[in-house]
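A.B. asks: The following block contains the structure, expressed as structure tokens.
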Amino acid sequence: MLKHVTPDTFRTDRGSDAAVISELERTGTPPEAITEQRLPTTVPTRLRRVPKELGQIVLVLQGGGALGAYQVGAYQALHEAGVEPDWVIGTSIGAINASLIAGNALENRLERLREFWSRMQHSPWVEMLGAWPLMGPLATNLTTITHGIPAFFRPNPLAFLGLHVPLGSEAAGYYDTSPLARTLSELVDFDRINGRQTRLTMGAANVRTSEMRYFDSRDMDLDIRHVMASGALPPAFPAVRIDGGLYWDGGILSNTPVEAVFDDDPRKNSVIFAVHIWNPQGPEPDTIWQVMSRQKDIQYSSRAVSHIARQKQIHRLRHVITELVRRLPEKEQKTEAVRELAAYGCLTRMHVVRLLAPPFEGDDHTKDIDFSPRGIRRRWETGYADTSRVLELAPWLGDFDPVEGFILHEARPGVMMTAG
């Protein structure tokens, strides 16, 4: 069982201030509108809550296998600060973590998350191999590939008979994920999810149409299939059929499901904690091994900056539309044509707090299958520390441009950059 984390270290290798400012400028924010605050250097013991008047709390979780342990540390910090999400959105491992949060009572959530991630860990004998500097990572990764993880997935023998052997649409994968279905059935209460106390949304890719679909507890009853579909990453895991449609992991289309919040109808004032576990910035690789790692980071960070830039621009236009309508004579405002145009505007304000998991020394393209106890523990602890510092600073408090409906808070080593 994973214990309560109390980290005493803080990673500082997530990019320079100049690189962060460059990213924020790409969202359309002028340099003079970017502010900087220093983050606490130690993990605070007293954390601030998010004022209710700022709107709903949304937790958005990327996909990324073992990297998802960082998300659980982030949630633990929120939980201990009394900041519980009204809405949890996830893809792949993010959907699994999201279902464990939404599918349990407040007092049981951390216990269930710890239980799940304890089951994901390799056995002690594999951890013993981790003591060898060169053999450790290789041994743990080979164990995952050849034996699977008992509570998650196991090899599908038929898949290794040949690439052209017919397996069936719902079995065409190198691994069988029925162990995950059993694990989720023990740890997630879908009656609670379908009671709609905490909204849950999970993204999956339609195999036939290549379209993203978000399964949303607000609009439909959810079950294990929806979680499994969101995490069915091909060719490792087989597709999942739901209502006649076949679905794969949503991360192959969009691994940053924050778009679900911006496209929601009706939109609401929100504080959105977007927990990103793939680093969009990185060094130029000069070996094939490094190329494989950097390619994966780029692929699964899912153009997060460009997504945010687009949403920031669109949301500002919504505010501008509302302001322009207000400036019209009252008689004009009441005409059908103006009312129709006014419907495109809104005055909702969204604070997006972007938490970015750091790289660790020795990370490579296999980091998302590093289910070693040490790997899980250090990512969990770092997520907890990073989020605790952000909560202490509370960057969403303050005065902001009234026309700016999208305020981006970017947490980086030692600093919080705010664009808005």
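Backbone N, Cα and C atoms are what each Cβ position is placed from, and that goes for glycine too.
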A.B. asks: According to TrEMBL, which of these ranges is motif 'GXSXG': 45-49, 90-94, 215-219, 370-374?
C.D. replies: 90-94
A.B. asks: Which of these ranges is annotated motif 'GXGXXG' in TrEMBL: 63-68, 177-182, 309-314?
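C.D. replies: Going through 63-68, 177-182, 309-314 one by one, TrEMBL flags 63-68 as motif 'GXGXXG'.
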A.B. asks: Other Cβ atoms within 10 Å is the metric here; tell me which of the active-site residues Ser92, Asp249 scores highest.
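C.D. replies: Top count of Cβ atoms within 10 Å goes to Ser92.
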A.B. asks: To the nearest whole angstrom, state the Cα distance for the pair Asp249 (active site, proton acceptor) and Ser92 (active site, nucleophile).
C.D. replies: 6
A.B. asks: What same-chain residues lie close to the motif 'GXGXXG' (63-68): Cβ under 8 Å, and 6 or more beyond its ends?
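C.D. replies: Long-range Cβ neighbours of the motif 'GXGXXG' (63-68): 90-97, 120, 230-231, 233, 249-251, 255, 277-278, 300, 357, 367-371, 375-376, 379.
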A.B. asks: Sort the residues of the motif 'GXSXG' (90-94) into helix, strand and coil with DSSP and give the three counts.
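C.D. replies: Computed counts for the motif 'GXSXG' (90-94) are 2 helix, 1 strand, 2 coil.
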